[in-house]
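According to TrEMBL:
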- 2-278: domain 'Aspartate/glutamate/uridylate kinase' (DOMAIN)
- LYS6, PHE7, GLY8, GLY9, THR223, ASP224, ARG234: ATP binding site (BINDING)
- THR44, GLU125: substrate binding site (BINDING)
- 383-440: domain 'Aspartokinase ACT' (DOMAIN)
Amino acid sequence: MSLVMKFGGSSVADAARLAQVGELVTAAMPRRPLVVLSATGKTTNALVAAAEAAEAGRTEEALGLSAQVRRAHEAIAHELLGGVSPELESAFDALFGDLDSLLRAVAILAELSPRSRDAILSTGERLSTRLLSDHLGVPLLDARQLVHTDSRHGAARPDTEAIARSVQRRAVPALEEAGAAVTQGFIGSDAHGTTTTLGRGGSDYSASLLGAALGAEEVQIWTDVEGLLTCDPRVVPAAHSVPEVSAAEAAELAAFGANVLHPATIAPAMEAGAMVTVRHTQRPEGDFTTIRPGEVGTQSATAIAARGPVTLLNITSPRMLEHAGFMQRLFDVFGRHGVVVGLISTAEVSVSVTVEGEVDLDAVVREIGGFATVEVARDRVIVAVVGDRLRATRGLAARVFASLAPVANIEMISQGSNEINLSVVIRADERDDALRALHAGLFEGDQPTV
Ligand code: ASP
Ligand code: MG
């Protein structure tokens, strides 16, 4: 039995939060957790600012930010550990000595290489993990000896086989002996041992990679929301957390900008058969979401989301039918103008597509106008109902359309080819009412069971 527990920046922002993290880890000790931490609060942002100030030649400002980061961590140490021990003091001296040398070097060269930037940013996670491991009295494992990557600084790619070997050699014995261990998210090292990072927000990815390497049954992502919600709660106050979603559903929702883990992030855990749970650090007994590799759930619809603005193009050509190369010609125009097409729906003599963002379509419309009639409708949004079992749920589409009828006019319908997404295009000003009506129709009150 093993477990990865990852805590994000807001979960480790101050001494009180770190103490709470300590309690959660202690309670999980029977499952031998490997604890993966982000940097505290806004520390990574402060380090980015320091690096950029140094590059711009503002050395004093850069060193001032470094000193500020040090004071913040010393303050946490006083509150969490009752003071800064001589060992911790010399650990801080070493870390900030390196950081300040790096910042000075960047300032002298007036150049911030991705490699220097990674070294600077790694300070945040190295500090937060040091504080928690001191607090818990469990080993601190340097992620640079576990998470092996290539040398693409700022967006390094993992070497999963090398990670598996190091995790078995270094992490497993530590977990067996001490019952828990702490390591850094976000950072790794390349074949030369040089510090790399997985990209901003990369700690989730670290947790997933380490979970896969450990063969963990669960990767817990502790954050400040109770998992995935049925809809954006700022628009729909009645939104509630979804108990279980599949990896495919999570990916679909992420594409709609829902506050979900990025699909690439959880892929290693999913492929290794581990479940990923998303939990609220300050409400550990509250609701949470489990993301599972396979198809899950009994709910017909899992969540709803909206994306936009998009522009809807209705292209009509009476000769589309006989014209073998029509679609090719059409998409050739989009391709040449770098226009990204979202949804597509076709009929006998017309095709409708959505185009993301506020792009200039004049040239595109003119060119298509040469062989078809184009109608352009701006300020539209895509509203999607996502669920693994949509297709198998009789009456679902009827419920979607009945819910929307009083508040929005549906201008296009598309059922994603993966069959877990039913999308409609409506006017942007109808979006919020549409989401509320749809949420009420699908998730509130008594729902007919199918
Ligand atoms: N500390 C890093 C960041 O802020 C990584 C993370 O928090 O996931 O981007
Ligand atoms: Mg994050």
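Glycine is no exception: its Cβ is also placed from the backbone N, Cα and C atoms.
Bear in mind that TrEMBL entries carry predicted annotations, made automatically and left uncurated.
Distribution of TrEMBL features across the structure.
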residue: LYS6; record: ATP binding site; Cβ within 10 Å: 25
residue: PHE7; record: ATP binding site; Cβ within 10 Å: 28
residue: GLY8; record: ATP binding site; Cβ within 10 Å: 22
residue: GLY9; record: ATP binding site; Cβ within 10 Å: 24
residue: THR44; record: substrate binding site; Cβ within 10 Å: 24
residue: GLU125; record: substrate binding site; Cβ within 10 Å: 28
residue: THR223; record: ATP binding site; Cβ within 10 Å: 21
residue: ASP224; record: ATP binding site; Cβ within 10 Å: 14
residue: ARG234; record: ATP binding site; Cβ within 10 Å: 8
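By the rule that a residue counts when its Cβ sits under 6 Å from some atom of ligand 1, the binding-site residues LYS6, PHE7, THR223, ASP224, ARG234 yield nothing. Listed in sequence order, the binding-site residues among LYS6, PHE7, GLY8, GLU125, THR223 whose CB lies under 6 angstroms from an atom of ligand 2 come out as GLY8. Look at GLU125 (substrate binding site): DSSP puts it in a helix. Between the alpha carbons (Cα) of PHE7 (ATP binding site) and GLU125 (substrate binding site) lies a span of roughly 11 Å. Counting residues per DSSP class in helix, strand and coil order gives 22 helix, 15 strand, 21 coil for the domain 'Aspartokinase ACT' (383-440).
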